[in-house]
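Below is one structure, written out as structure tokens; the observations come after it.
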Amino acid sequence: MKDHQKIILVGDGAVGSSYAFACVNLSIGQEFGIIDIDKDRTIGDAMDLSHAVPFSTPKKIYSANYSDCHDADLVVVTAGTAQKPGETRLDLVNRNIKIMKGIVDEVMASGFDGIFLIASNPVDILTYATWKFSGLPKERVIGSGTSLDTARFRMSIADYLKVDARNVHGYILGEHGDTEFPAWSHTTVGGLPITEWISEDEQGAMDTIFVSVRDAAYEIINKKGATFYGVAAALARITKAILNNENAILPLSVYLDGHYGMNDIYIGAPAVVNRQGVRHIVEMNLNDKEKEQMKNSADTLKKVLDDAMKQID
């Protein structure tokens, strides 16, 4: 593992700048370049972020060009059209897949041979597209997937039970979007199954918890226009796991090749990640209902993906 850790961020909007700030605060990486169509904004953000460095650890932060990607360990993409009130993430695909192709072509032209981390929506489809456009191994193209959804899930359960969210373990699987679902059969609190904390009489509470998680982004968008702090924190966590070679298990958008009975698709599932990217996909033993939900989520993504890729071919 080389000592110098270099990150290039493509997309300096609300998510991108929040991610950059999180990396500064959490002392992630030693070099951080920022690319955006608005060059002045990247210059201003690099200056502003640099002034936070004395409160953290040394880091070089600058306005970058695509040529700077050539020796980056990680290229993180948050660029794209934002989700509007009333829009689903899948509604964004036609606009954002063309933007993504342009970005990936520029990055690869630099000689980049690191790891892509995609956060632009719809993230599962754009991660698949990035893999196709880049020609990189599937292990080195990763999407943020259901990492934020899972954090919301754990927090909501913790709030309901009045426990620390760090003692809640469970995953949201599938699409980062409307067809996602909770793997209740593998959700534990303090080592005990969730069913030992929430009785059958409280089934409605479990349903309410999930709906609040699934629809959280819509509520935030309606109230403040966009979500960015949560996903920025999720990206920072993934970045740390990769650069520090943690072999951490995180719920990401990863390529399934027979896992969960799925093939040729990027979708949210737990995976072991380290400096080489995805080391291993954790295949949970889902119950029949969850298997059907996973299939439904994959089928929904496949249909949109096939239509979107035809635009580019």
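Please read every residue number as a count from 1 along the shown chain.
The backbone N, Cα and C atoms fix where each Cβ goes, glycine too.
Here Swiss-Prot flags H176 as active site, proton acceptor. Secondary structure at H176 (active site, proton acceptor), as computed by DSSP, is coil. The Cβ neighbour count for H176 (active site, proton acceptor), using a 10 Å radius and every protein chain shown, is 31.
In the shown protein chains, 27 other C-beta atoms lie within 10 A of the C-beta of V15 (NAD(+) binding site). According to DSSP, V15 (NAD(+) binding site) is assigned to a helical segment. Taken from Swiss-Prot, the feature NAD(+) binding site applies to V15, D36, R41, Y66, A119, S120, N121, S144.
DSSP classifies D149 (substrate binding site) as helix under the three-state reduction. Applying an 8 A CB threshold to same-chain residues 6+ apart, the list for D149 (substrate binding site) reads I172, H176, E180, V213, R214, P251, G268. The substrate binding site annotation in Swiss-Prot covers Q83, R89, N121, P122, V123, D124, D149, T150, A151, R152, T227.
What Swiss-Prot lists as beta-D-fructose 1,6-bisphosphate binding site is R154, H169. Sequence-distant neighbours of H169 (beta-D-fructose 1,6-bisphosphate binding site) (same chain, six or more apart, CB under 8 Å from its CB) are R154, T187, T188, V189, listed in sequence order. Reduced to three states, the DSSP call for H169 (beta-D-fructose 1,6-bisphosphate binding site) is strand.
Shown in sequence order, P85 are the residues of the chain, 6+ apart in sequence, with a C-beta less than 8 angstroms from the C-beta of Y218 (phosphotyrosine). When secondary structure is read from DSSP and collapsed to three states, Y218 (phosphotyrosine) falls in the helix class. Look at Swiss-Prot and you will find Y218 tagged as phosphotyrosine, backed by sequence analysis.
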Which ones, of the binding-site residues V15, D36, R41, Y66, S144, have a Cα no more than 10 Å from the Cα of V123 (substrate binding site)? S144
Could you tell me which of these binding-site residues, A119, V123, A151, has the fewest other Cβ atoms within 10 Å of its Cβ? A151
If you run the three-state DSSP split on N121 (NAD(+) binding site), which class comes out? coil
Please report the number of other Cβ atoms within 10 Å of the Cβ of Q83 (substrate binding site). 20
Measuring Cα to Cα, how far is S144 (NAD(+) binding site) from A151 (substrate binding site) in Å? 12
Return the residue, from the listed binding-site residues R41, S144, with the maximum count of other C-beta atoms within 10 angstroms of its C-beta. S144
Whole-number Å only: compute the distance from the Cα of T227 (substrate binding site) to the Cα of V15 (NAD(+) binding site). 8
